[in-house]
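Asker: Can you read through this structure? Questions will come right after.
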Amino acid sequence: MRDNEKAWWQQWTSHTGLEGWGGTQEDRMGFGGAVAALRGRPSPLQSTIHESYGRPEEQVLINRQEITNKADAWDMQEFITHMYIKQLLRHPAFQLLLALLLVINAITIALRTNSYLDQKHYELFSTIDDIVLTILLCEVLLGWLNGFWIFWKDGWNILNFIIVFILLLRFFINEINIPSINYTLRALRLVHVCMAVEPLARIIRVILQSVPDMANIMVLILFFMLVFSVFGVTLFGAFVPKHFQNIQVALYTLFICITQDGWVDIYSDFQTEKREYAMEIGGAIYFTIFITIGAFIGINLFVIVVTTNLEQMMKAGEQGQQQRITFSETGAEEEEENDQLPLVHCVVARSEKSGLLQEPLAGGPLSNLSENTCDNFCLVLEAIQENLRQYKEIRDELNMIVEEVRAIRFNQEQESEVLNRRSSTSGSLETTSSKDIRQMSQQQDLLSALVSMEKVHDSSSQILLKKHKSSH
């Protein structure tokens, strides 16, 4: 290959007559091609290369790695890796496998509660636990590869990481290697499996959405119980110390009354052998008011909140489905009206699936874009927009001022009257000067016209003064 290159170089230098030109071989080749291109004729180097490619024994092999940017290649590989990892994590087969393993692990945990089965199949149960833990660890690592900071924006991912982290610590710290804790953490993963089933996921989302309202109702019930516990200790503390001895005992008694289970046994303690009817009637009124407000109203508020949120979610889903149906019907009507356009309906396009499923390109990785940088960028955009708005206002005001100034005729009429009174000669000069000023104002901008007018006015005033002195 080197011999072929030397032969090309000698042939090219013999055609161009640049044998004595200094520089490296690559520089001389580039200079010869540039000179030939400037002269408007094909380069001898180009013709030589074309001839060489015509001869198989003298073809030049180009290494693709020498002309490829390694950084771009690495970015492409990283982007493709992230894309495939995202598809793997979202693939139904992977989700089904993970859910199946978690259900099997939950069944083994239930079977290990039996000491006989635990001892008999200890190795099998331990192997299943280790396999499930390994797959959970791989899921966390794949989530980090897909996007480390995006991983922490999902609450379920945080829960999975905490569970896996604690389960891994038990191999290094014996104090936390407690079977009850490990089994409880593994059972919590079943909640995430329920999110894969849409009806169950809808109910879980409704419950999570109702937590703030339920917390407010709980605070109200606790405040109500605290008030009635003070009343109970004050009124019945000496008569029934078993249930109203202090605040703690009274709160426990009222909690039993809210559950509506056991309040009859509590009220039976008010019926003593002496039959104090005042205490019995007072206790009956006390429990009636508390159970009516606390149990019937307070507990039902929880049901109302959850039911209302579920109804709102169902309505939102129905509205979205209705909008999709309306959009499909509108598309069908437009297709019937426009017979000239061979459009394909969206329902037909969705039904006809060919090849693999494709996801829209979401853009390249933004590894260097942090939240602080994004906030600063948004602030800069807002500042630029505000500056443009102020610039537009100032520009409009300047345009109005320019229009008003241009409407002034430079006091031409006043100057003509003054000059006509002085002399007819000065009047002709004024007429000439005013015409010149009009022409200049049309050709020049406003500032140059004002300067020219001032000069003409000074010259005309000097002429008038000289004429006035000569007359005297």
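All positions are counted from 1 along the displayed chain.
Including glycine, each Cβ sits where the backbone N, Cα and C put it.
Bear in mind that the values here come from a model prediction, so they are computed numbers and not experimental data.
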Asker: Using the topological domain names from Swiss-Prot, determine whether MET279 and ALA316 lie on a common side of the membrane.
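Answerer: Checking Swiss-Prot: the two residues are separated by the membrane.
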Asker: In the same chain, who gets a Cβ under 8 Å from the topological domain 'Extracellular' (237-246) while lying at least 6 residues past its ends?
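Answerer: Counting only partners 6 or more residues beyond its ends, the topological domain 'Extracellular' (237-246) has Cβ contacts under 8 Å with 253, 266, 269-270, 276, 279, 283.
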Asker: For a three-state summary based on DSSP, what are the helix, strand and coil counts in the topological domain 'Extracellular' (259-279)?
Answerer: 9 helix, 0 strand, 12 coil
Asker: Mean pLDDT for the topological domain 'Extracellular' (259-279), rounded to an integer?
Answerer: 77
Asker: Near the transmembrane segment (123-149), which same-chain residues lie under 8 Å Cβ to Cβ, leaving out any that are not at least 6 residues past its ends?
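Answerer: Here the qualifying positions are 81-82, 85-86, 88-89, 98, 101-102, 104-105, 108, 111-112, 157, 160-161, 163-164, 167-168, 186, 189.
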Asker: Would you mind splitting the topological domain 'Cytoplasmic' (200-212) into helix, strand and coil residue counts from DSSP?
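Answerer: Helix, strand, coil within the topological domain 'Cytoplasmic' (200-212): 12 helix, 0 strand, 1 coil.
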